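Accompanying notes for the structure given below.
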Amino acid sequence: MVLPRTTLTLLLLLGTAVAGVTLLFTTMDPWMNNGGILVGGLDVHIYRDGGWRLVHDRALYIEPTHYGLLYTYTPFSAVAFLPLLLVPWAHVTTTWLVLNLLVLFGVVLQSFRMLGYRATPALAAVSALLTLSCAFAEPVRTTLYYGQINLVLMLVVLWDFSRAENSRLRGIGIGIAAGIKLTPLYFIAQYLAQRQWRAAATAAATFVASIGVTALILPSDSYQYWTSTFFHSGRIAPDVHPANQSLRGAIAHLGHGPAPVWLWLLIAVPVALVALWLAAVLVRRGEPLLSVTLGGLTACAISPYSWGHHWVWFVPLLVYLIHRAQTRAPWWLAAFALYLATAAWTYTYTPTWVSVGTFLLPPWWPLPQVLMNIYVIIYLITLAGIAVRIRTRELPPAPIEPAIELRAYEQLSPRTRTAAVAHPDDDRPAMMN
């Protein structure tokens, strides 16, 4: 007997959730130093240290932080991280881990909402299962371990793009996110490509305001950042490091040395322009989630340096693939391929050194350049796939009644179905009724 697709989806998500959580705690000792999921928190403590330096009038960019690493974020980020001082030092890691899991759930739920699904307890359950599954994705797992802010920024961006086009709030989230971490500036260009002038202006004004306000509070640190620190991406790590999952990193990996700036720009600029055009077309065709997801992936790809944890945008991409799989089963293959390629696979080099992520697997394994540049390859495949589907006009707007709601829809009378199609926002069937 063939299972209804809704049941199949639940079973698959339940299976991946169980497998994901199991692998999360068995592929590496959760209490292992330098890698265990329960003993991380390096970055969130650096965030907290930034706020502490602001309060105690200490230089942000000249002196190393508590862990000996330099602060690399904007001066405004130190202001944004001030609330972390309310959390005792010993509890920062656990608090931020729990918060990140809740934010991940919010990302998944918001992604489904942008696809047209109603917020119901059933949708929340589905989102919870997918949240547990995604915890084993390397970008998410590394974000959880280090206590990174990428999931928070992604949720802010999704919220911003889900505002009505005439909303005065649209753009504020992008400006704030960019004020904390510069990568979201790309979304201002995406608003411009979509001819959403007010949203772009609001985002730009909010970002500029974040610079101006911080310059008044931290004049010397602001001057240091915008005249020096900002231009030295090498202070993060060398281009050629396998962890650099960007176009510039791929160039460096293939050339076995630093990537020439001219070559990086020669590739990154056309890629960004194509992605902006595709994102604008997607919005016109009723695909807002895929549009903003493409923007997030592109921002990672064209950045000078993108760590694996920057690619959390694979999460809404996975949501989109699962959504498409409700009407065409082959999309499940794409969803599982994405999940497997981005999973937090580990390799034990020594008892105290365990790598996490496909791109850090041993270079003597087959196809080392494919493994080392896996996120860039996935991005280029996604970009090409969207372009081909748009070119062949095979990318229709999201169905008025998502297939996962089909059973409830089919129970309606013909007359009620007609009314539902004519007024899709009126009492739509809830997901998985």
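Note that Cβ sites are derived from N, Cα and C of the backbone, with glycine treated the same way.
TrEMBL lists 89-109 (among others) with the feature transmembrane segment.
Annotation comment: TrEMBL describes 121-138 (among others) as transmembrane segment.
Beyond the transmembrane segment (144-161), the same-chain residues lying 6 or more positions past its ends with a Cβ under 8 Å from any Cβ of the stretch are 35-37, 40-45, 47, 92-93, 96-97, 100-101, 103-104, 106-107, 110-111, 114, 135, 169-174, 176-177, 180-181, 184, 187, 199, 203, 288, 291-292, 296, 309-310, 312-313, 315-316, 356. What TrEMBL lists as transmembrane segment is 144-161 (among others).
Annotation comment: TrEMBL describes 173-193 (among others) as transmembrane segment. Long-range neighbours of the transmembrane segment (173-193) within the same chain, counting only residues 6 or more positions beyond its ends whose Cβ lies under 8 Å from a Cβ of the stretch, are 73-74, 76-77, 80, 149, 153, 156-157, 159-161, 199-200, 202-207, 209-211, 272, 276-277, 279-280, 291-292, 295, 298-300, 302-303, 310.
Taken from TrEMBL, the feature transmembrane segment covers 199-218 (among others).
For 261-282 (among others), the entry in TrEMBL reads transmembrane segment.
Annotated transmembrane segment per TrEMBL: 329-350 (among others), in sequence order. Sequence-distant neighbours of the transmembrane segment (329-350) (same chain, 6+ residues past either end, Cβ-Cβ under 8 Å): 12, 16, 23-24, 27-28, 133, 136-139, 141-142, 311, 314, 317-318, 321-322, 356-358, 360-362, 374-375, 378.
Under the heading transmembrane segment, TrEMBL lists 370-388 (among others).
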Folded-back contacts onto the transmembrane segment (199-218), same chain, C-beta under 8 angstroms, at least six residues removed: 54, 60, 74-76, 78-79, 160, 163, 165, 168, 170-172, 174-176, 178-179, 185, 187-188, 191-192, 226
